[in-house]
Amino acid sequence: MNKDAYIQMFKDTNALLEGHFLLSSGKHSAKYLQCAKVLQYPNLAEMICSDLAQHFKDQQIDVVIGPALGAVTLSYELARQLNCRSIFAEREDGIMKLRRGFKIEEGEKVLVVEDVITTGGSVREIIEIVKEYRGEVVAVAGIVDRSGGKVDLGYPLKTLLTLEIETFEPEECPLCREGIPIVKPGSRKK
């Protein structure tokens, strides 16, 4: 699928929201991409992950890992298509870690996934977990890079959509100055 088809998919599933949003990064934005609204449809999740899997099918990935909650479905479906394990990290006392008996064996090839990448903060936390377990990060994959291609994670990044969606520091946010109420739609509690 091409970029326009993916954007239309987000519109058709009401996953492209407009308003005043507090992002997981702490920044503010007038647009928010709620990938869960797309991924709730198994056929769309399969299609998205099939397109992503094409880029990694020859890399012998052992594990796909992403942060809970946003990347759990993405990680699972991508791992299913790559015929490997899927695990996720989650926050405990504000720190991202592996729980539920999940682990990464030394030397395992790991694909890190996130639904939407803005600053890459959650992805960097996952990369650190992989390094702690002595796994090998092969690449990072996502549905949307909303940094416009500016985020550098130190590993190859493959997303289906690269968009430049303006974000604001809270103290510089024009939406705050206009008094527009802010909404925090994501899963991370700050």
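Here the Cβ of each residue, glycine as well, is placed from N, Cα and C on the backbone.
Note that the structure is a prediction, hence the values are computed from the model and not measured.
The Cβ of Thr118 (5-phospho-alpha-D-ribose 1-diphosphate binding site) has 22 neighbouring Cβ atoms from other residues within 10 Å, across all protein chains displayed. Swiss-Prot lists Glu114, Asp115, Val116, Ile117, Thr118, Thr119, Gly120, Gly121, Ser122 with the feature 5-phospho-alpha-D-ribose 1-diphosphate binding site.
Counting every protein chain shown, the number of other Cβ atoms lying within 10 Å of the Cβ of Arg146 (orotate binding site) is 24. The feature orotate binding site is assigned by Swiss-Prot to Thr118, Arg146, with sequence analysis given as support.
Comparing Arg146 (orotate binding site) with Ser122 (5-phospho-alpha-D-ribose 1-diphosphate binding site), their Cα atoms are 14 Å apart once rounded. Spatially close to Gly120 (5-phospho-alpha-D-ribose 1-diphosphate binding site) yet at least six residues away along the chain are Ser147, Val151, Asp152, Leu153, judged by Cβ distances under 8 angstroms.
The 5-phospho-alpha-D-ribose 1-diphosphate site, placed at the center of the C-beta atoms of Glu114, Asp115, Val116, Ile117, Thr118, Thr119, Gly120, Gly121, Ser122, has further neighbours from the same chain whose C-beta lies within 8 angstroms: Ser24, Ser25, Val123, Gly142, Val151. Taking Cβ-Cβ distances under 8 Å and a sequence gap of 6 or more within the same chain, the neighbours of Val116 (5-phospho-alpha-D-ribose 1-diphosphate binding site) are Leu33, Cys35, Gly70, Gly142, Ile143, Val144, Arg146.
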